[in-house]
Each structure stands twice: as C-alpha cells, then as structure tokens.
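For reference, TrEMBL has these:
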- 55-73: transmembrane segment (TRANSMEM)
- 79-98: transmembrane segment (TRANSMEM)
- 107-124: transmembrane segment (TRANSMEM)
- 136-169: transmembrane segment (TRANSMEM)
- 190-211: transmembrane segment (TRANSMEM)
- 498-519: transmembrane segment (TRANSMEM)
- 552-570: transmembrane segment (TRANSMEM)
- 576-596: transmembrane segment (TRANSMEM)
- 608-629: transmembrane segment (TRANSMEM)
Amino acid sequence: MGSWYINRTFFFDVHPPLGKMLIGLSGYLTGYDGTYPFDKPGDKYNGTHYEGMRIFCTALGAAIVPMSFHTVWDMTGSLTASTFAAAYILFDIGMLILNRYILLDPPLIFFMTASVMGMARVSQLTRESSSFSRSWWFWLAFTGSMLACTISVKFVGLFVVLLVGLHTASDLWDVLGDLSLPISHTVRQLIARALTLIVLPIILYASFFYIHLTVLNRSGSGDGFYSSGFQSNLIGNSLYNVSMPRQVAYGAVVTLKNHKTGGGYLHSHNHLYPKGFGARQQQVTTYSHKDDNNKWLIKPYDKQMLENVTLIKHGDLVRLEHVQTKRNLHSHREQGPVTKKHLQVTCYGEDGQGDTNDVWMVQIIGGKSGQVVETVTSQLTFYHYIERCVLTTTNKQLPKWGFEQQEVTCNPNIRDKAARWNVEDNQFDKLPSVNFQVYAPGFISRFFESHAVMLQGNAGLKPKEGEVTSRPWQWPINYRGQFFSGSDHRVYLLGNPIIWWSNLVFLALFLIIFGVEIIRYQRNSAPGPVTARPPTPSPPAADATKWQLLRAGLWLFGGWLIHYLPFYAMGRVLYFHHYFPALVFNSMLAGVMLDYVTGRLPGWLRHVCLGTAMAGLVYSFVLFAPLAYGMSGPFSHEPNSTLASLKWLSSWEF
C-alpha cells in the first residue's frame, strides 16, 4: 500500500489512510521507488530500498517506551512506577517484534500512547493551576492532534478517543468543584477542550482523507468497491473523462453495478453450480473487479434484436445475454445456493436462446411510465416476470466452488434495498456520446462513501480457509503466537511470558486492592448511626500518594478495558496482534502496582524486590530474544531442538 501511494494507484482497504500514507512517505523520502511487489514474507528484497520504511516504523515503536514513562510520571509522580512501566514495554519480546516490521501497528500504538501522554500532561498542568498557559495550550492541541492521527490509522483509535473523553469529563468535573475558581473558568475550560479535542481532530481527520483521495488519483485494483460516480475521478478508469451514450438502448453491451455500498458487478463465468446447490446451471455472482465476464447484452424479451434504435424505458421487458457465454440471465423455482429463502439465479440457454424464465422487467426507482433508462444515474431493479422476485445480491460469500464471490439471488421481497443496480459501462455506437465527468462527485460525497465502504469491508472480514486466527480470551494469557516469517529464518510473535503473566497478576491485584481501599475509605468517612462525624481531616502524605497511585491505576485499567473488551462483540476475523494496544495500558498498570505493593516494605527489602523484578525482566528478554531476532534449525517440538526448553505451553508453535 505504501508502494501504491508512491505510484498514486487507488486501492481499497478497511482502515483509514494515515498509517499507510506515512509508510509510503518514509519510503519515498529514503529512495524507495514503489516497484517491489511485497507478495509474501520471506521474499528477497534484491537491493530494494526498504530500510527507510522499517526504520520509520521502528522509531515510532521505540518512542512508545519514553512516552509510557512520561505518562506514568505525570499520573503518579513516582520514578519507580514510571521506570517499571517503561521497562515492561521495553523488555517485551512481542512489542519488539511488532515494531520491527512495516506494519500499521507501530504508528497506531505510537499515536495512541502519545494521546494518553498528552492527556496526562494536560491534567497535571491543570492541577498545577497552569491552565491557559502556553504549555497547557500546546499539550491540549498535541492531544487532539494525536487523537486524530490514531483514528486515522485504524478505527480502533475510537477506543482512545473514548478514554480521553472520559478523562476530560473527569478533569472538568474537578475544575467545577474547585470553589476558588469562578464558573466562567469552567466554561472557558469546556470551550478550550471542545476546540482542541473535538474540532481540531475532525479537521485533521478530514484533511488526511483529502490528501489520500488527492494523491490516489489513478485507477487501481480497488475501483470496483466504489460507486460509478466515485470511479469517474480516477485516471485510467473506464469511466474517467469517458464519453458514452447518455441513454440505454436495446442492443447495448452494458455492465451492471450493484448500487449498495461496496456492491460488485453482475458477473457470470463458464462454471456450473455444484450438485446440492440448486439446478446445475451456469453460476451468476457479483464480482468487485472489472473483467469481460461482467458484460451483458440487453435484448427485447420477444425477439433477438430490433432494427431501429429503441430506448429502454421504465417497465420494459428485456432479456440479458451474458456476452462471453451466450446464455441468458435466468431464475426459476429453485432455492438460492446459500440464502435458501431466495430463488436461484443462473445463466441458461444456448446462443442467446432460452425460455420464458429469462424475462425481466426493468424498473427505475421512482420512475414513471415512458421514462428512459440512463447510464450511471438511473437506479434500476430487475423484476422477474414469472417468479415475481427481484434480482439482488446478498452479503454472503460463496464457497470455493464459486471462487469466493458474492451470491446473487432473486428475492421475493421486492423492497430489498440490495436489489438496486445502475448501468456503468454502456457500449452502443448508434447513439451520440456525452462526457460523464460532469457526474463526478465532490470531496464530501467521496469522503462519506469511503467510510461506508470501509465499515462494510471491516464487517465482512472473515477468516480464510486454513488461516490461523485467535479469540480475545487467548490474548492476555499468551495462549498462542503468530508466525511472522516465510523462510527458514523464523520469527514468532509471542509476548514475553514473564511480563504478560505478571501483567495479569497485577491486574487482579489492582482490582482487589482498589476494591478494599474504596470500602475502607467509605467505612472511615461515613457518618455514624446517630450523629454525623466531624469532617475528615486532610489525608497525610502517605495517603495522598496511595490515592494518586490508585487513581492512576484506575485510568490505566480503564484504558486496558476499553481497548480489550469490545473485541468480544466483534464478528470480524481477529488476530493476536489486536491485543497490543491494550497491552500498553496493562504494562503501565503493572509498573504502578509494583510501586504500590513494594511501597510499604522496609527500604532494604523494597530495593531487593525491585532489583529482583528488574533482573527478571532483563533475563526473560534475553531468554526469549531468539523469537524476535530469528530462529533456525528444528522446531521446539522436534528432537534435538535448542528451543525445547522455551516451549512452556504446548500451544506455542515456534
């Protein structure tokens, strides 16, 4: 995708563009020419200047460590908590592996961590009564900018937007409760944060898309996922600056594009439906890429062709002949191949000859009798004259026998919104042509269409046959890793087990300790059964430190929860690396809780515990470093493997 930005070639992806644009920019600035195919892991680079992109991603990944230190320092003021929070990220094998490659994860986690660091800095400056200072405004604008960047890399950036939003609301509540400040101060705080944390991110987010759509101005593999109007902006597309007949006539060779967001082209090919999936007739599907199998000849229903030029009107009966195979679009009383409540759609007949089940009524949405069908702009339905159903496409993917293309059926529910089509290509020499550039949509329309296509694509991501995926419950326990190589030099994405499992221990400890401390606080400050106690005096310094650590822990726990829990509700395919944003919060929480737990020990014992913990982190890094820097030889389950001692769980596959 970075190559496509350099070549200005349009493509479809389920994520927003910023991460890919930055990777493309880093390659362009360091001499990469955008020609390497990046087909599969393990391919030789053969002199390709890929290093700039690798260094860019790794630099962003490395910056996560000091930013985590800075975040915990602002939240707690504790050098111990900050140091161990940073160490938990620094010595994690998984974080190292993820940040060594040309991936979206390093920029995503970088911008997410930067957002949280800015959030903590603004909160600290507000507590120090430095609101509206130059530094305060800088960090507020920095936080808003980083939020925009996070969500512009992946939509999971919404999670950190939610976290910062909740933290901002908490800050404003504290400001409102400060009786030494006038109400107008709170109003100014609210306006300042709305401008920097809402308005600024929206402007930046839209700007990134404007750059994305401006740079990618050449036709590419992703064109077919977008509407006909959208495609007319792309140089090299069949619709770009094209001249075609404005009206559709009998005898025209057309392509029909489904009008729903991300809809494909009506398509057929010389393969039959297999036994058990309806009649063994020629398959009809939708396909998101342009090829000759998308072309259809429009004929009158009662004869092969008319001698005179006759325009197709609302309510006309037609036959659609597949140009490549000379068979007619057909439906009959057989169940759909996947959607059994619908009827099967096939191609039937020989040399354009078929039967009455090939007849379809063309209807223009909102059309009137006598209204002519127009290229691109007319929304059409094709109503089956015999079976009383409409030609539609479902969201269901056909199995391998259907080349994993989208199912096409005839739906008895004639109000089906997915049953709308438009004529995209219209080849007919007997009518004058007009230039379709006037129908090209502007930036706002393309911006919203891009989002609709991305969201639909995200929801449609399903695991491929034989693909190793994972479930959210497996991630925190480090149940199974992910292969990151395609050669004998093997790299295996797996978290450092010492770090990941101790993370879980500190997570549980936080919940227990926070619960106990809240109950103790309530019991000590609640009024008695008869008379109220006098106001509780200000807490001593030790208590203040304790609550500062617990408050920081609460926000870090909230960050972990917000970045982890939603994956349980997602229907799309999930992978192990999706857990790493949540891991950053868990690692920072571990540093805070380690400081809290050892804080009440005698000085010498505290230093022994902290020294032992740090030594354990360093040793565990050295122990599992081969997973990150590459392994060769026998796998861990094979005889004479030097890695057998590292296979602590049978589910690990390195």
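In case you wondered, yes, glycine gets a Cβ from its N, Cα and C as well.
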Across 107-124, 136-169, 190-211, 498-519, 576-596, the most C-beta pairs under 8 Å with the transmembrane segment (79-98) come from 576-596
Between the transmembrane segment (608-629) and the transmembrane segment (136-169), are there three or more C-beta pairs closer than 8 Å, counting only pairs 6 or more apart along the chain? no
Cβ under 8 Å, sequence separation of at least 6 from the ends of the transmembrane segment (552-570): give me the contacting residues as numbers and ranges. 72, 75-76, 81, 116, 156, 159-160, 162-163, 166-167, 472, 475-476, 507, 510-511, 514, 578-579, 581-582, 585-586, 588-589, 592-593, 596
Can you find at least 3 Cβ pairs under 8 Å between the transmembrane segment (576-596) and the transmembrane segment (190-211), where each pair is 6 or more residues apart in sequence? no
Please report, as numbers and ranges, the same-chain residues at least 6 past the borders of the transmembrane segment (55-73) whose CB is under 8 Å from any CB of it. 22-23, 26, 30, 79, 81-83, 85-86, 89-90, 95, 98-103, 106-107, 109-110, 113-114, 116-117, 120-121, 552, 584, 587-588, 591-592
